[in-house]
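Trainee: Pasting in a structure now, in structure tokens, and then I'll have a few things to ask.
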Amino acid sequence: MSTDARFWIVVPAAGVGKRMGADIPKQYLDVAGKPVLQHTLERLLSVRRVTAVMVALGANDEFWPELPCSREPRVLATTGGRERADSVLSALTALAGRAADGDWVLVHDAARLCVTRDDVERLMETLEDDPVGGILALPVTDTLKTVENGTIQGSADRSRVWRALTPQMFRYRALKEALEAAARRGLTVTDEASALELAGLSPRVVEGRPDNIKITRPEDLPLAAFYLERQCFE
């Protein structure tokens with residue numbers, strides 16, 4: 001594999017965040033004086049080795065043009081799809097002709113605004129010579145139960161369970177083909193690693209930070225603001 005592989009970032013941002021119950025998509029909600037997506041893009045653009053960030057937007061996104069990062073030279077945009085995998089695939093298709101087959105693509109959730117530059121760079125450095133790639137993840141510390149109809153059926157072995165975070169980093173061609181194959185089979189993939197797993201590959205995990213949270217519910221907003229403030233003093 002070429003040692004000249006570049007690093008691209010894909011940010012699926014076409015969702016509306018129904019669980020937030022807000023009037024605007026959650027990626028545009030204010031946290032500590034800035035929209036969530038602005039925070040996220042600033043963090044990603046702080047990584048020097050990133051060639052460009054491709055953002056997959058909703059078809060009628062009226063908020064994007066107002067975002068300062070939308071005018072950054074390294075920020076590109078395309079129209080996303082209904083599901084996360086559709087948006088990622090749209091972004092990868094938009095990168096055709098720019099990204100080489102062996103280039104790395106890091107897919108990052110728009111709503112993970114607390115990701116740190118150190119975590120992204122460590123993911124790159126750890127996996128850049130890996131044949132498959134991998135993801136930021138966090139070992140599970142809680143006891144996990146399998147439940148059916150409200151009744152506990154068993155306990156998971158938490159020593160073997162990690163919580164998937166983002167970015168998730170894979171070769172351009174391998175990721176695109178894995179997502180296309182899953183779509184042809186009608187399979188739902190909730191993250192990029194799942195698509196690679198279905199293709200018979202074994203992504204690696206790189207331990208990330210517990211404050212790399214995803215904005216999902218209203219109570220996540222003040223928590224994210226707290227983490228952002230705390231990170232300023234590190």
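Cβ from N, Cα, C; glycine included.
According to Swiss-Prot, the site 'Transition state stabilizer' annotation covers R19, K26, on the basis of sequence analysis. Annotation comment: Swiss-Prot describes R158, K214 as site 'Positions MEP for the nucleophilic attack'.
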Trainee: Taking just the CA atoms, what is the gap between R19 (site 'Transition state stabilizer') and R158 (site 'Positions MEP for the nucleophilic attack') in Å?
Mentor: 28
Trainee: Could you state the whole-number distance in Å separating the C-alpha atoms of K214 (site 'Positions MEP for the nucleophilic attack') and R158 (site 'Positions MEP for the nucleophilic attack')?
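Mentor: It is 21 Å, counting Cα to Cα.
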Trainee: Cβ-Cβ under 8 Å from R158 (site 'Positions MEP for the nucleophilic attack'), same chain, 6 or more residues apart: which ones?
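Mentor: In sequence order, the residues whose Cβ lies under 8 Å from that of R158 (site 'Positions MEP for the nucleophilic attack') (at least 6 apart) are P139, V140, T141, D142, T143, L144.
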Trainee: Across all the protein chains here, work out how many other Cβ atoms are within 10 Å of the Cβ of K214 (site 'Positions MEP for the nucleophilic attack').
Mentor: 17
Trainee: Indicate whether K26 (site 'Transition state stabilizer') is helix, strand or coil by DSSP.
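Mentor: Once the DSSP labels are grouped into three classes, K26 (site 'Transition state stabilizer') ends up as helix.
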Trainee: At 10 angstroms around each C-beta, which of the recorded sites R19, K26 has the fewest other C-beta atoms nearby?
Mentor: R19
Trainee: Check the DSSP secondary structure of K214 (site 'Positions MEP for the nucleophilic attack'), expressed as helix, strand or coil.
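Mentor: In three-state terms, K214 (site 'Positions MEP for the nucleophilic attack') counts as coil.
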